[in-house]
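What TrEMBL says about this one:
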type	residues	note
ACT_SITE	Ser236	active site, nucleophile
ACT_SITE	Asp259	active site, charge relay system
ACT_SITE	His314	active site, charge relay system
Amino acid sequence: ADPVSLPRLGCGSMGGMLALPPGQGPHQVGCTDVMVGHTRQGLFLRLFYPCVPRAGAAEPLWIPRSEYCGGLADVTLGRRWCSALLSIAIGSCKVPVSWNGPFKPHSSGYPLIIFSHGLGAFRTLYSSICTELASRGFVVAALEHRDRSAATTYFCTAEAGTEQWIPFQRVPQGQKEFYFRNKQVHQRAQECVRALRLFQDIAGGRSVPNVLHQGWDLSVLKDSLDLTKVAVMGHSFGGVTAVLALVKEPGFRCAVALDAWMFPLENVLYPEVPKPVLFINTEKFQTPESVAKMKRLSSRNSQTRIVTMLGTVHEDQTDFTFLSGKLFSRIFGRRGTLDPHKALAITTRAALAFLQRHLKLEEEFGRWDELLEGVGDSVVPDAPFCRSHL
């Protein structure tokens, strides 16, 4: 189903429930959904990319289908019956990008970022970060994982018009959480590797059919990707997924881990992480154990960095931070004190400075280098446990 709906209902910046910021970079941003294969071993992702501006472009829905409201209500509120209320509150909100907008070719190739979502999320809930990175000249593939960590997801079977939904799964009773989550993180990292393979196939001229028939031809990417410049990025469960993907795939040059949930990674893998990682933590989520794991990585790679954004909570690195205050606190409780637009600017600028350094980009993102040392307004180096700006 095409996720472009009727005109927005009270979801603009004027007193609506959600207003996502447009990208601040020089490129207009386009967006499409890509599903490859007819089994759960295939891939599902939302692609954000620099596009050619066009008048009257349609904007995609933030929540692509009503099933996702049901999944979200189940995961965040533990009550599926709230899904109708969520749907009324956020169901008509849009992402300020051009749906299926014409791709803007680039002869020397855009760098690529594979993005991994957090537990109970899905491919569209980091649209503000993905849009910002695409506006700065990246192609960003936001995966929707099929390890049952997404609020819900689906694949289209080979039988025309048939969908199979994969609901969120809590840790089964009697099973140790570590073993359950460890298996998931390996599946997620493998999906990140498969996503890279997909773009390598496209760049190599292989025809890749999109099961969703968006009318947007993936072959337009063929000569406009620089696959020597690929990073993996993610939030929370996606942050640790990004770290593990570095172990599994030498094609990833570095990782950006937003408030990574380090718990599911087995200890024997820490010495195996070969590439630099940028950990951008929020003030309220990390534990001393988790940070100790990050420090083990930084002791092995002098280019790895850990910084903390003051006045932030875990959800401040998702689109939920742009929800109106009442709705946010209903779903998540306390919110951070740092302005969401500022938090987004710090997160993306630090990431861009890090990506410039490790993907050897010829941009001017180095002007934000000091953020990588935890220098600047609302950031500190490492992970302080003694202070709170909330």
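Indices start at 1 and increase along the chain as displayed.
Just so you know, glycine gets a Cβ as well, placed from its N, Cα and C.
Curation plays no part in TrEMBL annotations; they are all automatic predictions.
Recorded features from TrEMBL, shown on the structure.
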residue : record                           : Cβ within 10 Å
Ser236  : active site, nucleophile         : 24
Asp259  : active site, charge relay system : 29
His314  : active site, charge relay system : 22
Original post:
Using Cα coordinates, what distance in whole Å links Ser236 (active site, nucleophile) and Asp259 (active site, charge relay system)?
Top reply: 5
Subject >> His314 (active site, charge relay system) versus Asp259 (active site, charge relay system) - Cα distance in angstrom >> reply: 7
